[in-house]
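Let me begin by presenting the structure, written as structure tokens, before commenting on it.
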């Protein structure tokens with residue numbers, strides 16, 4: 001349907017409250033929806049002597065399609081049992097090390113050092129308070145837990161914690177950034193905060209009104225935590241923060257007939273590299289592995305990859321998402337001599353240089369003569 005966009009439309013944010021001009025839907029959604037279909041339970045497995053459990057599984061024959069429901073909550077099941085057989089897993093021999101209650105072996109020097117090196121606290125039971133390993137005040141490296149996450153090459157998403165980056169092995173290896181001192185976990189070989197950010201990947205988009213910006217932001221894929229083989233970025237704001245941001249944004253836009261420019265960039269914060277050997281696995285992963293039956297069971301074993309991914313990070317870059325939105329008075333822009341495209345380029349250059357502090361090779365005299373971001377108080 002046709003909608004007339006005039007000053008009244010822009011002043012009262014009609015685009016937010018009116019239904020869209022076009023509508024679409026998937027074909028045959030109502031006619032072809034189907035529920036999922038699962039197979040019958042398999043027979044119970046023999047009693048596993050190491051975990052004292054029996055297991056059974058069933059197959060997912062067909063997933064739910066076109067909005068169909070799936071009442072199935074699990075494809076695997078287990079029950080306790082008693083076995084006459086002996087567990088063939090060789091008991092851990094720590095030799096000259098300390099045997100933790102969870103089966104780990106840690107060096108004797110780590111016992112009663114004031115840190116939970118076992119992961120279950122058994123190395124600190126009954127100990128007197130000790131001086132910390134680091135004489136100065138240190139902080140954990142930002143996003144250090146994300147560095148130890150698993151990564152699924154199938155879904156392209158981060159998974160559960162594979163490496164325990166809260167383990168320091170009693171060492172006080174530090175890295176500094178400004179006045180802050182960060183402690184390097186045992187799993188990390190090195191971390192650097194001197195990361196070069198380039199202006200090439202700065203994205204700029206122009207919006208004719210506030211409704212277009214809000215709709216675009218709601219549909220943005222850059223929410224939450226995302227991962228890749230070499231990069232992952234933390235969430236910029238929560239859902240409540242985003243709603244508050246939209247509310248104040250719409251309220252501000254009602255005061256004048258405006259257009260908007262959004263400057264967006266993924267900002268690198270640190271680069272890291274893991275050790276190639278002697279890595280300290282997470283307690284969560286070890287418990288999941290210990291709960292597996294000795295006899296191979298595909299559904300149970302495949303859950304390890306679903307929960308913890310197919311890979312872990314050996315090196316990478318951490319960072320965050322940076323967004324800034326400029327609001328320009330439409331009438332002032334029209335009289336400035338800059339068209340919308342030129343204004344967007346100027347906003348990008350000033351953001352890159354003055355906010356992101358990225359050197360630019362070539363500046364535009366045209367931008368500085370008009371100085372649109374200052375005149376209209378970009379926000």
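Placement of Cβ uses the backbone N, Cα and C atoms for every residue, glycine included.
Since the structure is predicted, the reported quantities are computational estimates derived from the model, not experimental observations.
Under the three-state DSSP scheme, residue 118 (disulfide bond) falls in the coil class. Annotation for residue 118 (disulfide bond): same-chain Cβ neighbours under 8 Å, separated by at least 6 residues, are 98, 100, 101, 102, 104, 106. The disulfide bond annotation in TrEMBL covers 100-118 (among others).
Here the Cβ of residue 127 (disulfide bond) has 11 other Cβ atoms within 10 Å, regardless of which shown protein chain they belong to. According to TrEMBL, the disulfide bond annotation covers 112-127 (among others).
Among the features that TrEMBL reports, domain 'MACPF' is placed at 130-379.
Around the Cβ of residue 100 (disulfide bond), a 10 Å sphere holds 21 further Cβ atoms from the protein chains shown.
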